[in-house]
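Step one of this worksheet: look at the structure below.
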Amino acid sequence: MIQRFKGIDLTILVLLSIGFIGLFLPWANPGSESSYYYGYYSTSLIIFYTILFIIFFTSKSFYMWSSLIIMIGICIFSVVQFLTWHILNITGEIDINYSIQSVCIGFFITLVSTIIVIVICIKKLINNI
């Protein structure tokens with residue numbers, strides 16, 4: 001299976017795996033009175049990653065376009081989750097300062113790895129045109 005992935009493809013696969021692992025690390029710490037918020041609380045992110053891995057391992061022809069579209073979706077949903085995770089339980093509104101003060105490493109791992117994959121996919125698609 002690993003022989004199929006070489007160079008850029010292997011880099012993308014590793015970054016996707018790192019981003020997926022970031023979902024299971026703390027994304028936010030609201031303080032000592034509450035527990036951590038994790039990225040996997042958003043089922044849409046899990047569904048996006050599942051679809052992405054299925055496409056990556058099964059489709060040969062259009063996996064780069066589909067990877068790009070899904071990674072943009074993951075990036076958008078990550079930012080939305082970052083901005084809105086505390087609305088129902090804690091603040092009742094979007095509070096960017098609260099989001100920034102409570103952010104943890106899991107969010108950054110997921111977001112940075114998806115942005116790197118987006119850049120790699122765009123460069124690869126531009127070079128193939």
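Cβ coordinates are placed from backbone N, Cα and C, and glycine is handled just like the others.
Distant neighbours of the transmembrane segment (7-25): 38-40, 45-46, 49, 52-53, 56, 67, 74, 104-111, 113-114, 116-117, 120-121, 124; these residues of the same chain sit at least 6 beyond its ends, with a Cβ under 8 Å from one of its Cβ atoms. According to TrEMBL, the transmembrane segment annotation covers 7-25 (among others).
Residues of the same chain lying 6 or more positions beyond the ends of the transmembrane segment (37-56) and with a Cβ under 8 Å from any Cβ of it are 12-13, 16, 19-20, 22-30, 63, 66-67, 70-71, 73-74, 77-78, 81, 85-86, 102, 106-107, 110. Sequence annotations record features per position, and here TrEMBL assigns transmembrane segment to 37-56 (among others).
Annotation source TrEMBL lists transmembrane segment at 68-88 (among others). Long-range contacts of the transmembrane segment (68-88) within the same chain: residues 19, 27-28, 30, 37, 39, 41-42, 44-45, 48-49, 51-52, 55, 94-96, 98-99, 102-103, 107, 110-111, 114-115, 117-118, 121-122, 125, each at least 6 residues beyond the stretch ends and with a Cβ under 8 Å from a Cβ of the stretch.
Summarising the annotation, TrEMBL assigns transmembrane segment to 100-122 (among others).
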